[in-house]
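Taken from TrEMBL as is:
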- A:57-87: domain '4Fe-4S ferredoxin-type' (DOMAIN)
- A:183-215: domain '4Fe-4S ferredoxin-type' (DOMAIN)
- A:247-258: compositional bias 'Basic and acidic residues' (COMPBIAS)
- A:247-270: region 'Disordered' (REGION)
């Protein structure tokens with residue numbers, strides 16, 4: 001098309017056009033390869049670090065296929081929680097994310113960010129914010145957490161929108177004093193929405209002892225190849241194997257065996 | 001293009017590329033000779049201001065960015081190329097995006113596909129500046145880029161979206177990067193976005209004339225495809241008045257679109273039908289004989305020159321038109 005002025009029937013003009021097209025195709029292919037490298041690199045390198053808005057498609061690949069990086073969710077957020085990522089941020093450029101330690105998700109009941117999303121990158125099926133899954137809180141530093149030191153901070157537990165569901169305080173003996181209890185903040189991943197209010201509220205001066213991480217970073221995969229005996233027993237209603245032969249315990253043969261009320265052996269010290 | 005064109009009308013002023021507006025300014029005054037350019041700059045400014053009244057003044061007119069937006073919280077827009085990439089990446093978009101993309105396609109079918117480029121896109125302001133600088137610096141050398149290059153770039157963008165399963169072009173798209181930068185102010189921390197945009201400007205100044213917007217940008221290519229059917233078009237309706245001063249060729253960002261309309265013979269339409277035309281209207285401004293005017297694509301009328309003080313025979317159509 002560039003050389004329509006050619007005189008002959010497919011002399012220099014057609015050749016020029018063909019070589020021009022070939023060049024364009026070649027350059028476009030190189031350009032496509034480069035673009036693919038950048039896109040694939042961004043998706044994998046930065047995927048696992050960012051906290052996404054509520055309702056964000058769980059698979060980062062699905063999310064990046066749907067998110068137009070328009071920022072409508074950011075505009076809809078009444079608490080300025082959401083930001084669009086710049087080059088230096090932990091999310092691919094232009095995509096929405098939040099930093100829980102700065103501004104956590106306030107868990108609006110009407111979830112305006114999801115409503116604002118024009119493409120479904122934030123799933124409009126999410127109508128109950130307590131079902132959101134932005135990440136999972138993890139008590140990541142047990143050496144600085146005040147509760148783990150035996151103090152009664154409890155702040156992460158108190159601010160949790162799903163108190164006693166997503167975070168409980170589990171008591172165990174304080175072996176340092178011998179008389180007190182340690183109230184260990186324990187996160188229950190099934191209930192935790194990853195809103196980050198615990199991380200925001202943690203009283204430690206800089207970094208929090210409890211942090212929200214993307215689910216795939218925070219959690220191990222469950223040991224599906226294990227049958228948990230107590231679960232199986234509960235499902236079955238009774239022990240699965242009856243009439244097991246109770247062999248004598250080697251190396252433990254006290255003269256007189258007295259059972260405790262709970263069924264253990266009195267005086268047994270492993 | 002030669003600096004000393006063969007002067008078709010002996011004794012006339014030779015319009016130098018440095019100042020193609022001289023005759024128009026003399027004939028119509030500086031304001032009328034820049035009418036569409038000024039309107040265009042106002043429109044381009046509005047494309048930012050309407051997005052900025054919300055965050056700056058609390059008056060929300062447009063939200064979002066050029067990728068997806070909504071007017072007054074009601075009317076959704078989604079960029080058609082972003083939409084196609086998302087589909088290619090395997091995401092079935094929700095209704096809002098379908099409506100938003102359809103609305104934009106309809107809008108640009110009416111006003112001209114690449115009207116996006118010249119009336120909305122923020123990069124256009126920069127590349128217009130780059131072009132001015134290139135002319136002022138007298139840089140003539142440059143890459144010769146095939147007219148079809150942007151279509152191949154567009155194909156590559158959609159293919160990569162499908163392969164990577166991700167809206168690929170939005171990672172590096174200078175158009176939305178710049179717009180997002182200006183509307184959200186999020187990229188200041190990193191220099192990559194500015195390097196990309198600076199790269200586009202430097203490329204246009206030193207490497208290729210109208211290199212980015214005129215030859216490579218896949219967003220422009222996509223809007224160009226929409227423009228294949230665009231209703232609003234420029235017509236060289238008074239082409240009989242043309243005295244071949246060449247000013248329109250000098251200012252047109254896509255000079256190849258002018259020839260078929262301006263130099264068309266009897267029975268050939270004076271309407272510029274090429275999808276590459278951005279409907280910028282600069283040719284209307286710059287023509288001191290008012291050859292060009294906005295009209296619709298079915299208006300094939302030609303009109304007699306309005307104030308033809310120097311009647312002259314129509315120049316013969318070049319061989320290419322045969």
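Placed from the backbone N, Cα and C atoms, the Cβ positions cover glycine too.
Secondary structure by DSSP for the domain '4Fe-4S ferredoxin-type' (A:183-215): 6 helix, 9 strand, 18 coil.
If one looks beyond the domain '4Fe-4S ferredoxin-type' (A:183-215) by at least 6 residues along the same chain, the residues whose Cβ comes under 8 Å of a Cβ in the stretch are 48-52, 54, 58, 98, 100-107, 129-142, 144-148, 152-162, 165-172. With a threshold of 8 Å between CB atoms, the same-chain residues lying at least 6 positions outside the domain '4Fe-4S ferredoxin-type' (A:57-87) that come near it are 43, 47-48, 50, 93-99, 103-106, 108, 112-123, 133, 215. DSSP states for the domain '4Fe-4S ferredoxin-type' (A:57-87), grouped as helix (H, G, I), strand (E, B) and coil, give 12 helix, 2 strand, 17 coil. In the predicted model, the domain '4Fe-4S ferredoxin-type' (A:57-87) has a mean pLDDT of 89.
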